[in-house]
Amino acid sequence: MSKKAWVQAIAAAVAVVVIVVGLGVGLGVGLTWRSGRADRVGAPCEPYGPPVGSGGRYSYAAVATDVGKCSEIGSDMLEKGGSAVDAAIASLLCIGLTNPHSSGIGGGLFMTIYDRVTRTAETINARDMAPAAATENMYQRNFTLSTLGGLAVAVPGEIRAFWTAHQKHGKLPWRDLFQPAIQLAEEGVCIGGALAAAIDEKTVDIKRPWSGGIITEQDLRDYRVEVTSPLNISLAGGLTVLSPPPPASGPVLSLILNILDGYRFSPSSVDSVDNQVLTYHRIIEAFKFAYAKRSELGDPNFVDIAELIRNMTSDDYAESLRLRITDSTTHDYRYYGPSFVLPEDGGTSHVSVLAPNGDAVSVTSTVNLFFGSKLRSASTGVILNNLMDDFSSPNLTNSFGVPPSPANFIRPGKRPMSSMNPTVVVDGNGDVRLVTGASGGTKITTATAYVLMQHLWFGLDLGPAVEKPRLHHQLLPDRVDTERSRPFQPEAVLEGLRQKNHVTNVAGSAIVNGVARNGDVISAACDSLKGGFPVGF
């Protein structure tokens with residue numbers, strides 16, 4: 001990118017950010033909740049649009065995000081003749097304003113783009129990078145510094161990603177993508193439940209004057225996004241699943257689906273309690289095998305994982321693992337062969353877009369934990385990520401005696417492993433069948449797989465598939481997590497899993513948004529747990 005073009009990109013970004021300083025970020029320390037009267041602090045505000053979590057059916061296009069207003073902005077871009085990429089960028093700029101605890105231009109993203117005419121796809125890797133001054137042992141004396149303050153900040157890549165994607169696939173003028181977020185900031189932002197809860201949880205950290213850091217101007221200049229081909233696997237029925245390569249978790253999703261595809265699941269696989277027990281047991285076992293291999297992944301620019309990726313996307317390797325699944329019982333975690341353990345990740349927001357011309361974008365963005373590093377740039381107001389916490393650190397063996405993954409140790413310019421998994425599923429005719437992804441840390445991959453299975457294999461419409469109570473297993477801790485906010489039913493299924501020696505636990509949720517096409521009907525759904533709704537036409 002030329003210096004002039006880069007300056008233009010930054011200028012447009014800062015135009016949004018400067019306004020956000022007072023109207024978005026400042027919400028955490030007591031700014032007005034939008035209610036039609038600027039003098040009322042903490043007053044309830046009018047929700048944007050229809051009830052939360054509501055799905056929609058459309059004929060031409062749809063956008064699904066965590067915030068209904070942001071879905072509306074993305075849909076407006078499509079109606080104005082914009083591309084799927086234009087819609088995704090405008091939607092994410094809006095989300096960075098309305099849900100700054102989850103994502104924003106102080107973080108990074110993975111984007112999967114599908115072109116219907118050429119039947120080609122690409123992924124944009126804008127994962128945040130370790131600064132040039134970062135070292136493997138930089139948190140040994142104080143591990144809090146990997147989550148709070150300047151040392152937690154990795155070099156952000158979101159604006160670079162927007163610019164790269166727009167240069168390749170944009171139709172509308174660059175500045176036009178920023179105007180809706182700027183206008184929304186000027187008018188005031190209605191604080192949704194997700195942001196309000198995050199502010200309440202992190203008030204003390206938000207008010208602390210965190211500072212310091214090792215990122216330099218040269219780090220920002222040297223940052224580059226990577227444009228690569230997505231991983232792709234073939235499933236029964238002529239479906240192709242497109243997902244991003246490492247340091248995203250595309251190989252993990254691919255392995256889960258490849259293992260389970262051999263069972264040829266159908267609606268009858270879950271039509272009785274006994275069938276559900278067996279089917280969900282098999283799904284959990286696939287999760288465990290896949291997460292064991294996840295611990296060996298890392299940034300392919302720094303570790304040689306080519307053979308591992310080939311295995312994780314191979315039908316033969318998936319079959320070998322499927323043959324090791326015992327239908328009568330689960331096993332001790334050592335049975336699945338974990339070599340190392342990776343840290344938990346979190347935060348995040350996902351956007352799914354299907355354009356009128358059949359193009360699709362699936363993009364997941366994050367600043368990592370709520371409000372990232374809790375550090376806001378004094379000059380721009382940008383909330384900065386704490387993505388350095390997604391690296392592994394030496395000598396931090398977990399409570400199970402499993403060591404940290406050397407493949408994910410800190411190196412200057414390296415990107416940490418991520419659970420993010422923006423996914424596009426295409427049918428045999430080259431038409432998009434499903435655009436989906438999730439937010440929610442290590443639950444992202446299992447949630448994405450779970451919704452895909454519920455919709456494509458078990459026959460649920462997309463809305464019910466997104467709202468279906470989920471099961472999650474990441475091998476360690478060795479337990480099956482159900483959702484606190486969506487209790488799993490029937491209880492008899494959980495009891496059947498316990499009889500197969502699974503330990504069950506109640507935990508938090510991932511948030512899934514998606515758009516699906518079935519013939520001439522487009523359906524879209526946003527997870528009710530975060531309060532969004534889709535918009536289309």
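Glycine is treated like the rest: Cβ placed from N, Cα and C.
Residues annotated as transmembrane segment in TrEMBL: 6-31.
The L-glutamate binding site annotation in TrEMBL covers ARG127, THR366, VAL367, ASN368, ASP390, SER418, SER419, GLY441. DSSP assigns SER418 (L-glutamate binding site) to coil, not to a helix or a strand. Within the same chain, the residues at least 6 positions away from SER418 (L-glutamate binding site) whose Cβ sits under 8 Å from its Cβ are PHE110, ARG127, PRO247, ALA248, SER249, ASP345, THR366, ASP390, listed in sequence order.
Reduced to three states, the DSSP call for THR348 (active site, nucleophile) is coil. What TrEMBL lists as active site, nucleophile is THR348.
The full span of the recorded L-glutamate binding residues, ARG127, THR366, VAL367, ASN368, ASP390, SER418, SER419, GLY441, taken as their largest Cα to Cα distance, is 15 Å. Summary: among the binding-site residues (THR366, ASP390), the fewest other C-beta atoms within 10 A of the C-beta are counted at ASP390.
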